[in-house]
Ligand code: AMP
């Protein structure tokens, strides 16, 4: 039997409805904040991610699924490495949404000089070659927003407020969420801070793991994220970002916190929160569903240098992404079924016979034209079998068409809950059904 790729999932039934619900809630809420939907290609040039996410990140170095056409694949094997491929021939599946959206904003000039910011949201599959486990997939789904052209700290706060409101609308109890924030500084203060952390790691070189020693060379801040307990213990004494902010960054961070306080949004400051990607500046944040055991369910931050890295004019930006699969797991843990019930339907049943079948065919058309989800029998079932099937579908109403009804130009309408039955003239069937469905 053919099998799906490890770490991927099929979305159908209630799980698919849950993913659709996440998109519906996003469309409504993010729309109220002025965000429009965007979809960028699932494949981009590798350089888009290298520039944006950072050469030294795990995502770029180890987790990107690289894409080659069949024809190029043989060349690649013959060449032995990809160095002779042109940049446009080096492609990867997107591991996250921001780099591609920022590339699209630059390429389509969506924030021209002097224009209002671009506010975009997406709902897309992402691809990372990680070791699959609970809440960690190789193809997963994110809803995210990118806000390009806004430098005001109110934008950072509004982004976070919108994110927390989104989680609430999906069904999370506010107390079950832990919002963690930090400021990582900017181009003015971060380089000096990075050097301090690098020097700290080198001073403790004999106590740190190989990976952290490598991180010290490429991106020392990542050592705060080390999975090794001992490295984390050592890093607890390392210099902290909020203590090393320049005046502007400190003022920006203080302002974000004031806005969050004014909106009554609770947060915890974690001076070691650095997030995995290179592009963040100033505000970073992450949200965890307490006790769900699935890790972060969403996170984001400001990335004021990213548009330039993707070849655009200096443009501030910020955004976040949340993971569908982890949210579904965390909500299930709290007893919330994100997908809800299957949609209600009406079942059209008929006795055997060509005339009755034709009447059922017409009834289905009339009900569907009125927007009613309508089911019927397509497998030659007896009337009793059709009633059973109507129950399986969870039909609220059943339209019954026997020889007598058809001859009289009426249909019997049966309420599947109260079992009450009424006769309805054929021409009024759709109106009557709509009225009863409320
Ligand atoms: P990140 O950009 O890595 O912070 O990802 C944002 C969100 O996407 C996370 O908070 C998770 O909810 C989700 N996520 C990231 N990686 C995975 C993965 N491999 N499988 C499932 N969800 C993921």
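Each Cβ is built from the backbone N, Cα and C atoms, and glycine gets one as well.
Nobody curates TrEMBL annotations by hand; they come from automatic prediction.
When TrEMBL records 96, 97, 98, 142, 146, 275, 279, 280 as binding L-histidine, the matching candidate from 84, 128, 169, 258 it lists for that site is 128.
Non-local neighbourhood of residue 275 (L-histidine binding site): 284, 286, 299, 301, each in the same chain, at least six residues away, with C-beta under 8 Å from its C-beta. Across the residues of the domain 'Aminoacyl-transfer RNA synthetases class-II family profile' (1-343), the predicted structure has a mean pLDDT of 93. DSSP assigns residue 280 (L-histidine binding site) to coil in the three-state reduction, placing it in neither a helix nor a strand.
By neighbour count, meaning other C-beta atoms within 10 Å, the densest spot among the binding-site residues 98, 142 is 98. Highest local Cβ density among the binding-site residues 96, 280 belongs to 280, counted as other Cβ atoms within 10 Å over all protein chains shown. By the rule that a residue counts when its Cβ sits under 6 Å from some atom of ligand 1, the binding-site residues 96, 98, 142, 280 yield 96, 142.
Residue 142 (L-histidine binding site) carries a strand DSSP state (E or B).
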